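Engineer: Let me begin by handing over the structure; questions about it come next.
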Amino acid sequence: MIEKKYIVALDQGTTSSRAIILDHDANIISISQREFTQIYPKPGWVEHDPMEIWATQSSTLVEVLAKADISSDQIAGIGITNQRETTIIWEKETGKPIYNAIVWQCRRTADACTKLKQKEGLEEYIRQNTGLVVDPYFSGTKVKWILDNVAGARERAEKGELLFGTVDTWLVWKMTQGRVHVTDFTNASRTMLFNIHNLEWDQHILDELQIPRSLLPSVHSSSEIYGQTNIGGKGGTRIPISGIAGDQQAALYGQLCVQPGMAKNTYGTGCFLLMNTGTDAVRSNHGLLTTIACGPRGEVNYALEGAVFVGGASIQWLRDELKLIADAADSEYFATKVKNSNGVYVVPAFTGLGAPYWDPYARGSIFGLTRGTNSNHIIRATLESIAYQTRDVLDAMQADAGTRLQALRVDGGAVANNFLMQFQSDILGTRVERPVVRESTALGAAFLAGLAVGYWKDLDEVKSKATIEKEFRPGIETTERNYKYNGWKKAVARAQDWEDKG
């Protein structure tokens, strides 16, 4: 029998699909990545083509094995991690999507959310049972929108002809040739349709949104065998799909934040801060979400989460729209060309503001411009906005959990930016720890998949794989920290409530 030497993580993100092969020591052996199209039909609307998601993800899986010259029978299991909340509805018979995937960033259901909030007691019911706030970010109103706006969709859904899934569900369904319709607890907890206390779909919310239960996948733990997939067609080896977690929960697990009070921030397209609260679903009084995280064996734990909609995307904006930089990495170079932002604050509320403000009507703004402002000040202020938004969330989190973080673990593309990491530590007054393996999201999916198939014995074995590459410590005084942060709060207050409401 051929030795099962490797684990594969499929990382289906907002802008690209990736496949990553890891060995027993959690070293990355090979990575394959393919970008796909971002579709913007109207201002504030964001879509993906589900078939393109599948095409890019399946081809990276074949590519990554070929690139590393590894045969599929050497793979012990596959873990899937995915952009969360993004909503796909397809025909059960043909596997054909009836509409594009509506992406988590899409704000088209803002008015539908306003209407839901007007129903007596419903907003509080949703908050209490799903841990979420009523917001276009989550899948629930996206599902309703597709059923209401695609001809014949509601009738077909009621006849049981259609299936709904977040991206993980769609990938597993495609990988198993339509045999398996599942999701995991972490992804289900982001739909605004799932009761995080009794771990079941919430019939009252389904009724309010007129969503037939037959659309929904069955819900499982994040670390178990859901089904098998063939790589390389009929002759290929059947490999267990044995781990699923939404990208932020996967990153929390990959950073081994499996004890209550441990927290991480992922700096991707958006920024996502999660703090593990163990078996206690802590309710937030500060505009944060209560969500499901992975416990030591992939079982249900809870976490507080704050989502910042625009993190690394603001650096892309500097590059693609403003043309101030040629490459994302240039932002660090130009930011350090000036000694401070010269009083400039950039509030990148391009699609509204997430936690702790939850204002879909806020818009992007630049404040504090003077005749002496140059492009380097704007670049620096844009990077600083990522750190300020992180502090907004972290302050709320510490207040809710009644604890002070000793350190923040960080991952995602923007953590390579040393200026940003140092400023993050400065503005938090907290240690920032950057791991050797930056791919925490893929690592989490790999750990969950590997534990389910016995590739790693237990979490203790896994823990020896995570080492800190660099620690950033605060380098400014409290007075300066507070002065800078107060300026940020003033800027945010002015950016809020800009767009006309419906």
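Keep in mind that glycine also has a Cβ here, set from the backbone N, Cα and C atoms.
Below are the features listed in Swiss-Prot for this protein:
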BINDING   T14, T15, S16, T269, G312, Q316, G413  ATP binding site
BINDING   T14, R84, E85, Y137, D247  sn-glycerol 3-phosphate binding site
BINDING   T14, R18, T269, G312, G413, N417  ADP binding site
BINDING   R84, E85, Y137, D247, Q248  glycerol binding site
Engineer: How many Å separate the Cα atoms of T15 (ATP binding site) and R84 (sn-glycerol 3-phosphate binding site)?
Structural biologist: 13
Engineer: Rank the binding-site residues T15, Q316, N417 by the number of other Cβ atoms within 10 Å of each Cβ and report the first-ranked residue.
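Structural biologist: Counting every other Cβ within 10 Å of each candidate, the maximum falls on N417.
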Engineer: Under a three-state reading of DSSP, tell me whether G413 (ATP binding site) is helix, strand or coil.
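Structural biologist: For G413 (ATP binding site) - judged by DSSP and reduced to three states - the answer is helix.
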Engineer: I need the nearest neighbour of R84 (sn-glycerol 3-phosphate binding site) among the binding-site residues S16, Q248, G312, Q316, using C-alpha distances.
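Structural biologist: The smallest Cα gap between R84 (sn-glycerol 3-phosphate binding site) and any of the binding-site residues is with Q248.
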Engineer: Which whole-number value in Å describes the distance between the Cα atoms of Q316 (ATP binding site) and N417 (ADP binding site)?
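Structural biologist: Cα-Cα distance, Q316 (ATP binding site) to N417 (ADP binding site): 14 Å.
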Engineer: Consider each pair of residues in T14, T15, S16, T269, G312, Q316, G413, all listed by the record as binding ATP, and report the largest Cα separation in Å as a whole number.
Structural biologist: 14
Engineer: Excluding near sequence neighbours, so keeping only residues 6 or more apart in the same chain, what lies with its CB under 8 A of T269 (ATP binding site)?
Structural biologist: G13, T14, T15, Q105, V310, G311, G312, A313
Engineer: Among the binding-site residues R18, R84, which residue has the fewest other Cβ atoms within 10 Å of its own Cβ?
Structural biologist: R18
Engineer: By CA-CA distance, flag whichever of S16, R18, Q248, N417 among the binding-site residues is nearest to E85 (sn-glycerol 3-phosphate binding site).
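Structural biologist: Its closest listed neighbour, by Cα, is Q248.
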Engineer: Out of Y137, D247, Q248, N417, point to the one nearest S16 (ATP binding site) in space (Cα versus Cα); all of them are binding-site residues in the record.
Structural biologist: D247
Engineer: Work through the binding-site residues one by one (G312, G413) and point out the residue whose CB has the fewest other CB atoms within 10 angstroms.
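Structural biologist: Fewest other Cβ atoms within 10 Å, among the binding-site residues G312, G413, is found for G413.
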Engineer: Let me know the largest Cα to Cα distance in Å among the glycerol-binding residues R84, E85, Y137, D247, Q248, as an integer.
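Structural biologist: Of all Cα pairs among the recorded glycerol binders, the widest measures 15 Å.
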Engineer: Measuring Cα to Cα, how many Å separate Y137 (sn-glycerol 3-phosphate binding site) from N417 (ADP binding site)?
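Structural biologist: Rounded to a whole number, the Cα-Cα distance is 28 Å.
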